[in-house]
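Look at Swiss-Prot and you will find 123 tagged as active site, N6-AMP-lysine intermediate. Under the heading NAD(+) binding site, Swiss-Prot lists 32, 33, 34, 35, 36, 81, 82, 121, 144, 181, 297, 321. Swiss-Prot lists 415, 418, 445, 451 with the feature Zn(2+) binding site. Among the features that Swiss-Prot reports, domain 'BRCT' is placed at 705-788, with the record citing sequence analysis.
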């Protein structure tokens, strides 16, 4: 090694150590002038020896040539958003759910319950990013994006001073994805805006916008000039576990050079969490950065895994938001808009006012119950808040300023769009097998797809990227199609002719043919996409995937009883009833029939087949008895009944003596009384019959999964696949019992490598793992009876 190489390595190590002490420990050991001298020496040596410059050198933070666009990055583990709490009662409800999910004893709603340990830290108001390290070196930075797909901003994150280009120390996993927030301090924000003003450039409304705009610059030299900082708050994919607790993980990351929150704290129980929230709230204005709340996470990693996730958020974490900034203004009018499901909702038209740096002239009123709760009248002076710092909301009426000519807000008797009758429907709450009428009500236009507003929103949803994905059908085009009476339902899209399209504004020969081709190309949708496209109330993309993966066919989804639907992951009784009601509706049946009829629209659904293996294996007699919500009978007692009698009919017909052999007197009496009610017995039998008609049987206990050909195996997908998406490939592997992981390790059984496979394929070859190309993978699936 030459003297220059040796000195360059020494300088890099020394500068990395000083960066760590300055940005992470806040304990600088040399003056800034000495740091600058060392930095200049390294820069000069690298200029003399450009062949020795590496991407992890401290000198590489200055930015490089501008990009034309960012490339997309798929997150192997989705970057989910957090659920929100706005009041103390929301936090106590979260704590109750955590205790319930961990099967811990919980007190009453305000009693604190069991003392679960939570990590606490301020919720920085910035931009969420993912940093991927391979063997301790930063190889990629990405934005959160939609949680599944983000943008590759690697060249920009390298310019953020306190992000280590190379980890300190040793002992880190080979693959380590760090997640955190890039933000701008209040002081940095003020300096940036002052500089922008002086240069005649654009100023930013708030530090968050400044941070987001700076990080997404195509010219990384601009990013390098901005006062950005990073704070780590968690992990994504890792090739090996680090610690048993969330705080333990963060402490290890700090040792490796990652900046973590100086306000990080452990709280025992919900009351300590609330104390922390109040303390941070009192200090909020004094903190050097903007925050919009506090994040609480169950500290135990094992407990986090046990609690798992909802469709879009973890069950083990929550963001307790601070009250947003508020302003006074005048309510000029209340107008009514009609949504996709026909709900008629009020919208406040306001005297424009600035709230948190944004001019607000409209605000949500949610529903007429909210209008009544507020006691709102047109002409009132109201307090406007940006709820969650995003959606403007009317939160209070200043009644002492009410003018004499103030007018009450009245729901229209007929739809403001189509003139159809507006009906009031009382809301019904369903829980644990019981229905109760709630105080709330919803007003709906009964015009359905005859209502232009509902039809437009339904079509916009139907053609959207995550639904049928029909390119070229923008909102304005859909408005034209509806206004010109060219479509009256989603099925009419597939009946459009060239002559009709070319007459639309903005269309010519090429664009008309392109749209017709896009419509034709959408005729073979995956089952999950089709279900999502139908616009079933409360059924989002993730729930649609669960329905498709678990039930395997549209016919089963259409037939499923609400009680059977609750057997699916994350489908509660409310959503189950919405799904069931949607498919019971004769108009919806007609539209679906037209879409699927070969002599009409001719859609052919893909990925239909048998019941999902995990779903089939998860439904047992004991589980079914538990889900009947028999009073005093929990999972343990339900399993005792299943073990004793072996069939539902056996439980229903059991005499008192046999029942007492299985259960204590109180529980036995509850079971007997439950099934003595003919309606309960008939419902239980109907559920059993449907489950069995779907292909399930009580012998399909968990052990059935173990009988699947890939049970216990871990597979990895890498590169691009040409015959199917990676999501589809993942579903097919999971149907055979495999676990699909995001990283390669010695425990990986097989790697499926498509074109463009990189480090994962190299790692697989290094470890001597089995590797299949796409052709071999398709043959493997065919051999195991999985359609491709």
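First residue shown is number 1, and so on along the chain.
Cβ from N, Cα, C; glycine included.
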Of the residues in the domain 'BRCT' (705-788), how many are helix, strand and coil by DSSP?
31 helix, 15 strand, 38 coil
Highest CB neighbour count within 10 A among the binding-site residues 415, 418, 445, 451?
445
With Cβ-Cβ distance below 8 Å and at least 6 positions apart along the chain, what are the contacts of residue 297 (NAD(+) binding site)? List them in sequence order.
118, 119, 234, 246, 304, 316, 317
Tell me the Cβ contacts of residue 144 (NAD(+) binding site) under 8 Å, same chain only and six or more apart in sequence, or just say none.
75, 79, 127, 128, 129, 130, 150
Give me the long-range Cβ neighbours of the residue listed as 'active site, N6-AMP-lysine intermediate': same chain, 6+ apart, Cβ under 8 Å, in sequence order.
291, 292, 293, 294, 295, 319, 321
Rounded to a whole number, how many Å is the Cα of residue 451 (Zn(2+) binding site) away from the Cα of residue 82 (NAD(+) binding site)?
36
Integer Å distance between the CA atoms belonging to residue 82 (NAD(+) binding site) and residue 445 (Zn(2+) binding site):
33
Using the CB centroid of 415, 418, 445, 451 as the Zn(2+) site centre, which other residues of the same chain sit with their CB within 8 A?
338, 342, 414, 416, 417, 419, 420, 422, 446, 447, 450, 452, 453, 454
For residue 82 (NAD(+) binding site), what residues in its own chain, 6 or more apart in sequence, show a Cβ-Cβ distance under 8 Å?
295, 313, 314, 317, 318, 319
If you run the three-state DSSP split on residue 297 (NAD(+) binding site), which class comes out?
strand
How would DSSP class residue 144 (NAD(+) binding site) in three states?
coil
